[in-house]
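Pulled from Swiss-Prot:
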type	residues	note
ACT_SITE	HIS65	active site, charge relay system
ACT_SITE	ASP110	active site, charge relay system
ACT_SITE	SER204	active site, charge relay system
DISULFID	CYS31-CYS163	disulfide bond
DISULFID	CYS50-CYS66	disulfide bond
DISULFID	CYS98-CYS256	disulfide bond
DISULFID	CYS142-CYS210	disulfide bond
DISULFID	CYS174-CYS189	disulfide bond
DISULFID	CYS200-CYS225	disulfide bond
DOMAIN	25-249	domain 'Peptidase S1'
CARBOHYD	ASN44	N-linked glycosylation site
SIGNAL	1-18	signal peptide
Amino acid sequence: MVLIRVLANLLILQLSYAQKSPELVVGGDECNINEHRSLVAIFNSTGFFCSGTLINQEWVVTAAHCDSNNFKMKFGAHSQKVLNEDEQIRNPKEKFICPNKKNNEVLDKDIMLIKLDSSVSNSEHIAPLSLPSSPPSVGSVCRIMGWGSITPTKVTYPDVPYCANINLLDDAECKPGYPELLPEYRTLCAGIVQGGKDTCGGDSGGPLICNGQFHGIVSYGAHPCGQSLKPGIYTTVFDYNDWIKSIIAGNTAATCPP
C-alpha cells in the first residue's frame, strides 16, 4: 500500500494510492536542536500535520498536498512541550500552487509556495535554507527530518523532530516499487534500499537536504514506511527554482515546468 505523507484525520483519497497518515522519520534519532533552523512546523487545531522549509524571511516551501484551511506555521520549534524563547508563529498571506498542476494527480507538481503575513527574524533556532544551485547527484548522503511518527505501522508521535541520513538513489531503483511514477512528476528517489530509514506520514512537505542543499520535498512513499526496495519519493526542488523565483519577484502568473 502506498500513501502520500499527510495527516491521519484527512480523508483517504480513493486513488491508486492513498494519502499518508501523519508519521515521522522512521529509523532516525532526535535532531540536534541547532540543525533544523529552516524546518517549519505546519499545524492547525489538531496539531502538527506537515512540515515546510523557510527559504527566506517571508517565504516557505512545502508540498501542495499539505494545503488546507486555517493552518499556521511555527518557526524555531524543537520540543512540543518546552518552548524555545525565539519561536515565532505566522499565518499564510498567500499560497501558490502550480497553475498547470493536474488536480487529479497528487504526485504531479507536488509543491506549494507560501508567503507569510509578516517576515520572521533570524535567530539562534531560525534561519532560511537557500534554493539549490545545481541538480543533486545520485549517491549523495541526504538528511531527512520531521515530527511524524517514529514507528512504521502504528502512530507514535515524538515531542521533538527526528532526523536520519539516507541516500539519493537512481530512479531505476524506485521504478519497480512505484510503477505509477511518471518522468513528468519531477521527483527524486531517496532512502535505504534494504529499508529501515524513511520519512513517513506527518513528514509531508519537509526538506530533503543533500550536501547542505535543499533538494527535495517529502511527497510520497510506501506504507508501512521504511520497506526494503520502496524508498521515499521527493519533489525535485531544483526543477522549480525559476518558478519560485518568479513568484517571489512578483510574477504571480508564472507557470511551472511541464
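Sequential numbering from 1, following the chain as shown.
For all residues, glycine too, the Cβ spot is worked out from N, Cα and C.
Everything Swiss-Prot records as a feature, shown here on the structure.
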residue: CYS31; record: disulfide bond; CB count, 10 Å: 21
residue: CYS50; record: disulfide bond; CB count, 10 Å: 32
residue: HIS65; record: active site, charge relay system; CB count, 10 Å: 25
residue: CYS98; record: disulfide bond; CB count, 10 Å: 19
residue: ASP110; record: active site, charge relay system; CB count, 10 Å: 28
residue: CYS163; record: disulfide bond; CB count, 10 Å: 19
residue: CYS189; record: disulfide bond; CB count, 10 Å: 23
residue: CYS200; record: disulfide bond; CB count, 10 Å: 34
residue: SER204; record: active site, charge relay system; CB count, 10 Å: 33
residue: CYS225; record: disulfide bond; CB count, 10 Å: 30
Spatial separation of CYS142 (disulfide bond) from CYS163 (disulfide bond) - C-alpha basis, Å: 10
Spatial neighbours of CYS210 (disulfide bond) that are distant in sequence (at least 6 apart) but have CB under 8 A: PRO136, SER137, SER140, VAL141, CYS142, ARG143, LEU168, ALA190, GLY216
CYS256 (disulfide bond): tally of other CB atoms within 10 A of its CB: 21
ASN44 (N-linked glycosylation site) versus recorded positions CYS50, HIS65, ASP110, CYS189 - nearest by Cα: CYS50
Neighbour tally for CYS142 (disulfide bond), based on other Cβ positions within 10 Å of its Cβ: 24
Distance check against CYS98 (disulfide bond) for the recorded positions CYS31, ASP110, CYS174, CYS189, keeping those with Cα within 10 Å: ASP110
Spatial neighbours of CYS174 (disulfide bond) that are distant in sequence (at least 6 apart) but have CB under 8 A: LEU181, CYS189, PRO231, ILE233
Rounded to the nearest Å - Cα separation of SER204 (active site, charge relay system) and HIS65 (active site, charge relay system): 8
Using Cα positions only, nearest of the recorded positions to HIS65 (active site, charge relay system) (CYS50, ASP110, CYS200, CYS256): ASP110
Site with most surrounding Cβ atoms, counting all protein chains shown within 10 Å, from the recorded positions ASN44, CYS66: CYS66
